[in-house]
Amino acid sequence: MTATLPRPTPAGSTRTPVGARLGGLLRARETGIALLIVVVFVAATVKNDAFASANSIQQLLLGASLIALLTVGQTMVIVTRNVDLSVGSVVGISAYVVGMTFRDHPGTPILLGFVVGIAVGAFFGAVNGAVVTLFRVPSLVVTLAGLYVIRGLDGLLVDGVIINPQSIPRGFQRIGFETVLGVPVLFLLVLVVVLVAAYAMRSFRSARDLYAIGSNPDAAELAGIPTQKRVFTAFLVSGSLAGLTGALFVALFAQVDVTAGRGYEFLVVAAVVVGGVAIFGGSGTVIGAALAAVLLNTIDQALVSSRISGFWTDAIAGALLLAAIAFDRSLSLRIARKLRTQEGAHRDV
Amino acid sequence: MSETAVHAETPRDSGPAPTYEGVDTARPPRWRLALRWETALVAILLLTLLIGSNGSARFFTGTTFFFAGLNIGEIAIMALPLLMIVLIGEIDLSVAAMLALSGAVMGVLWQSGTSFGVAVAAALVTGLVGGALNGYLIAYLGLPSIAVTIGSLTLFRGIAQIILPNPTTTPFPTEVATLGVLPIPGTQVPYSIAVFTVLAVATATFVHATPSGRSLYAIGLQPEAAEFAGIRVTRVRFELFVLSGLVCSLAGVLFALKNSSASYSAGFGLELTVVAVVLFGGVSIFGGRGTVAGVVLSLAIVAVLQQALTQQQVQAEVQNIVTGGLLLASVLVPNAAAAGRRVRTALRGRGRPAPPPPTPAPTP
């Protein structure tokens, strides 16, 4: 039965005839963000040429990596018209469990550190996904509750004992500071995840289903898409990536306390929204979201390096976020108008 | 419309002793569901009081009440406008940032020698302006409130950071500084709770007893239909966000007085607590369902629980878990029956096409 059904064509899809134009505009969004990164970078370099030094660029990429990695999972979740507010807490607890594993079992293989982090994250992602899909309750409420519960569990686990750099194997820490041809390893790792996810989100049928679900949940269900299964998977991926982020947190900072990952949820959602992912689902790309994470961090670093004052960072990030949403709105209104005039009777998007 | 009216009159017409069946059909199911949740909240409140009194012989004292109130005061005040915003299907995540910003405005002006009254007035104006910014973007530009208020939460706290990089050190005038830390003379009621009580009564009256208040439910359930019914949806949206900004700035003033200093990091992360309290009170995140009584009960539970757990030296971590668990229960319990029904239908309905399920969580 499903085989004969026409493939759903979600709004924002880059694969459909109608979407071809849309795709062009969405691509323009990513180029726009990339251009903005260049502009900020050049401006900051003009002000202080140390900004373009290899060391400074490495710091820039490292600083953006963790949030960029989280935007991948968050994009998948938000595209389905859900949200995962628990990521910050999941990063915190998986970072601590990874650190604890290394501390209590010296000689743990480095790879196992990642496995542990991802497993912890996947567990909480699965719980979130199961509650959301089985009980059909709003994900905002579920993951907000998750944020508190997981933070509480993390606090019980930490119990005031901070993981020190001495407990973390040198090899694991190396991931945080080593570079290949001048590019930080950690950044390359994140880049691989982002590119794989971007390819999957563009080409895999199951990933395209996520867009269909976010565009119109009822229609997606009627079209034979296993919506609950897909939403569950999105949460599972988001949790797993948060777990991986936790492991990378340990590699990068080599120190974990109870505040690890705190407040990340808003940074991630902000980057995803600036990156052009519609908060009500159905459109947006992983690349856009990850680029936005880099942009926000570039602005952050640029302000610090220009000695304008680090205090301006948040205000500018907030203003930028508001501008990005307003820009999106005017863009989508323009597209809607264009579609109405050009498609005539075919406006079914 | 007329059908409902007939149903409503049936119990009265059918004899002196109306059957439960008649009463049931006269009431819309939504209301029954809400009633049941508030009953559950009362039970939970009694339970928390029991836990508190079991743990400490000195639990039922004025001091406990005072500190419980002092801790929850600003959260309680901010929860009221948020309740109305959630009722119309929107959300305001900038509440705690506005608390910090208005406190910072007051602190900066006071430190620079402005009179105290002017500083407070400026703080409240800040709330109005910030709320108007949110309201304009959400109501008139039609932007999603969750995205806008994540932006403005960063913006507000960012501005607070610019104008007040370091917490203020100049003490506020003694006669007002005591407002933040002492109860109203002769009672154990903190001033913030007194303010909250007045606002809560006003909110309850507005929401439940005036046509404009009732229209919030209509907007939350179906904005288009509300618009066609003659409700000025856009304007109501705008006004609620302005109100939220104003009330949160008032909370900011009280918060600064309580801590006898203003800081840009005041109430960091509190927005999620306020949202959690409102949702735990049985207000639907999709709008259109919820009562002031539910939110007040929810606040009381959180305040009592905090006090009880602290007195029994339970770690803050466990308090987090309890808060999260309660919030989760608030959405799971009302949905458990439906979830069970779904499973049963799925088991029975094997072979024939499954009925279309209810819309899966269009969050946020």
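Cβ from N, Cα, C; glycine included.
Note that TrEMBL annotation is computational and uncurated.
Annotation comment: TrEMBL describes B:1-23 as region 'Disordered'.
Listed as Cβ neighbours of the transmembrane segment (B:35-53) (distance under 8 Å, sequence separation of 6 or more from its ends, same chain) are residues 59-60, 64, 281-282, 291, 293-294, 297-298, 300-301, 304-305, 307-308, 311, 326, 330, 333-334. Look at TrEMBL and you will find B:35-53 (among others) tagged as transmembrane segment.
Look at TrEMBL and you will find B:65-86 (among others) tagged as transmembrane segment. Long-range neighbours of the transmembrane segment (B:65-86) within the same chain, counting only residues 6 or more positions beyond its ends whose Cβ lies under 8 Å from a Cβ of the stretch, are 92, 95-96, 99, 145, 181, 183, 188-193, 195-196, 199-200, 203, 207, 216, 220, 240-241, 243-244, 247-248, 250-252, 254-255, 258, 267, 270, 273-275, 277-279, 281, 283-285, 287, 290, 292, 295, 299, 302-304, 306-307.
Look at TrEMBL and you will find B:116-139 (among others) tagged as transmembrane segment.
Only residues 6 or more beyond the boundaries of the transmembrane segment (B:146-164), in the same chain, are considered here, and those with a CB under 8 A from a CB of the stretch are 91-94, 96-98, 100-101, 103-105, 107-108, 130, 133-134, 137-138, 262-265, 268, 271, 364. According to TrEMBL, the transmembrane segment annotation covers B:146-164 (among others).
Long-range neighbours of the transmembrane segment (B:189-207) within the same chain, counting only residues 6 or more positions beyond its ends whose Cβ lies under 8 Å from a Cβ of the stretch, are 66, 69-70, 72-74, 76-77, 80-81, 83-84, 87, 179-180, 183, 213-214, 216, 247, 250-251, 254, 258, 291-293, 296. Summarising the annotation, TrEMBL assigns transmembrane segment to B:189-207 (among others).
The feature transmembrane segment is assigned by TrEMBL to B:238-257 (among others). Residues 73-74, 77-78, 80-82, 84-85, 88, 90, 92, 94-96, 98-103, 106-107, 120, 123-124, 126-132, 134-136, 138-140, 145, 168, 172, 176-177, 179-181, 191-192, 195, 199, 216, 266-267 of the same chain lie 6 or more positions beyond the ends of the transmembrane segment (B:238-257) yet place their CB under 8 Å from a CB of it.
Annotation comment: TrEMBL describes B:263-283 (among others) as transmembrane segment.
Within its own chain, the transmembrane segment (B:290-309) is flanked in space by residues 34, 37-38, 41-42, 44-45, 48-49, 51-52, 55-56, 59, 64, 67-69, 71-72, 75-76, 79-80, 83, 86-87, 200, 203-204, 207-208, 277-278, 280-284, 318-319, 322-323, 326, which lie at least six positions past its ends and keep a Cβ under 8 Å from the stretch. Residues annotated as transmembrane segment in TrEMBL: B:290-309 (among others).
According to TrEMBL, the transmembrane segment annotation covers B:321-340 (among others).
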